[in-house]
Amino acid sequence: MDVESRLSLILRYPAEEVITVEELKEILQAGYKLNHYIGFEISGFIHIGTGVVSMSKVVDLQKAGVRTQILLADIHSWLNNKLGGDLETIRRVAVTYYVETFKKIIEVLGGDPDGTRFVLGSDLYHHNDEYWLLLMDITRHLTLSQVRHSLTILGRKMGESIPLAYLVYPPLQVADVFALGAHIPHGGIDQRRAHILAREVAHKIRFYPLEVDGKRVKPVALHHRLLPALNISAKPASKEELSELKMSKSIPQSAIFVHDSPEEIKQKIAKAYCPPREVEYNPVLELLRVSAFREERKTPFVIRRPAQYGGDVEVWSYQELEGLYREGKIHPADLKNAAAEALAGLLEPVYKFFQGPGAKLLEEMKNITITR
C-alpha cells in the first residue's frame, strides 16, 4: 500500500485531528514500522463510543500497516477510583471482559483481533526501573501549570482541593506513550492535552526516546470524534463542553452499550436529541455515520418512510444524508428508525456473542456494577 493510501485510511472518519499531518506523512514515507497505542480506563460496560468509534480507527491503522496496541490502564483506573478502587477487580475485568469485547468488535469491523497487542498497565510497569526513571524525568520537564491545564474541566475547577492522584495521572499518560514506543498515540479529542504534553517533552527526556530510523521524533497525536450523549437537551457551546457531554458508561441513558439488544437500541435512539435540520450536533446522525456510512457503500442505504410521506429514500453517502436532513427532507422519526436498524445490524454479532460464549463475562460485569 502506498503512502497516500495509508494516510487516507488514518485520516478518514472518525479521525478529527492529527498533530501534525505533515509529520505523519514524513514518518510514513520513511518506511519504518510504526507503533500506535490507545489507552482505556477499566470502569464499566463498554459503549459504542469506546467500542465502535475507537476500534474502527484501530482497524484503519491495522490496514495501514501500523502496529496497534491497547493499554488496559488498570493503575490509572485505580487512581481515578474506578470500580470502587478495587485494583484486583479492575485487573480481572481488564484481561477478560475488556480484551474479549475489543477483540470481538475488531473482528466485526473487519480487522484482525489477534493483530492488536493488549498491554496491562501493571505488566508494563512491573520490574521496569527504566519506566519509573522515565516518569520522573517527565516530571522534571513539566510545570504544575501545564499538568493542571491538561486535566478535565472538572479537575481544573477543583482548585486546591484536587486529589494529588489526579495530578499524577497526566505524567503517567505521557510516560505510556514513550514506554510503548508509540509513534501514534491515539484517543478521543478529550485526550488532546495529554498528547500535547508528550510532544513537548519528546526531545527532552533521556529514557525511551521515540525514534524513526535513528532520528528522534515527536509523537504524532491522532484524535477521533467523540460520540455525543443521546440524552443531551441543548447544543454545546464549545468543543470542550462537548467533551463533557459525550456518551458515558456512568449515565446509561446517555449511551448505547455494545451488548444492548435491538429493542434497547431502538428505545434509546427514539428518545435521543435530534432536532429537525440540525446537522452540526446530532447524536442520531453520528450513529448513522459510524454504522451505515463508515465504508463507501456498494448499495444505497434505505431510509424507510410511509408512502403518504414520500416513500423510501435511497442514500449513497453520509454527505448526501446530511444534506437531505439539513433541508428538512427527512423527518427526525424516520432518521431515528434508520439509525436503530443500522446500528442493531452492525452490533448483531456482538449481541449474539454476549448471548452465547460471552454471557459469563457480561454476567460478571453486571454483578460488579451492582455491588459498586
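Using N, Cα and C of the backbone, Cβ positions are placed for all residues, glycine too.
What you are looking at is a predicted structure, and each value in this text was computed from that prediction instead of being measured.
When Tyr37, Tyr281, Tyr309, Tyr318 are compared with the L-tyrosine site residues Tyr169, Gln173, Asp176, Gln191 in Swiss-Prot, the one appearing in that site is Tyr37. Of all ranges given (81-85, 246-250, 326-330), Swiss-Prot attaches the label motif ''KMSKS' region' to 246-250. Residues 43-50, 188, 190, 226-230, 256-257 of the same chain lie 6+ residues outside the motif ''KMSKS' region' (246-250) yet bring a C-beta within less than 8 angstroms of a C-beta in it. Annotation note: Lys249 (ATP binding site) sits in a coil segment as assigned by DSSP. Taking a C-beta cut-off of under 8 Å and a sequence gap of six or more, Gln173 (L-tyrosine binding site) has these contacts in its own chain: Gly39, His76, Gln191, Ala194, Leu197, Ala198. Between the CA atoms of Tyr37 (L-tyrosine binding site) and Lys249 (ATP binding site) there is a gap of 22 Å, rounded to the nearest whole number. The L-tyrosine-binding residues named in the record, Tyr37, Tyr169, Gln173, Asp176, Gln191, extend over a maximum Cα to Cα distance of 17 Å.
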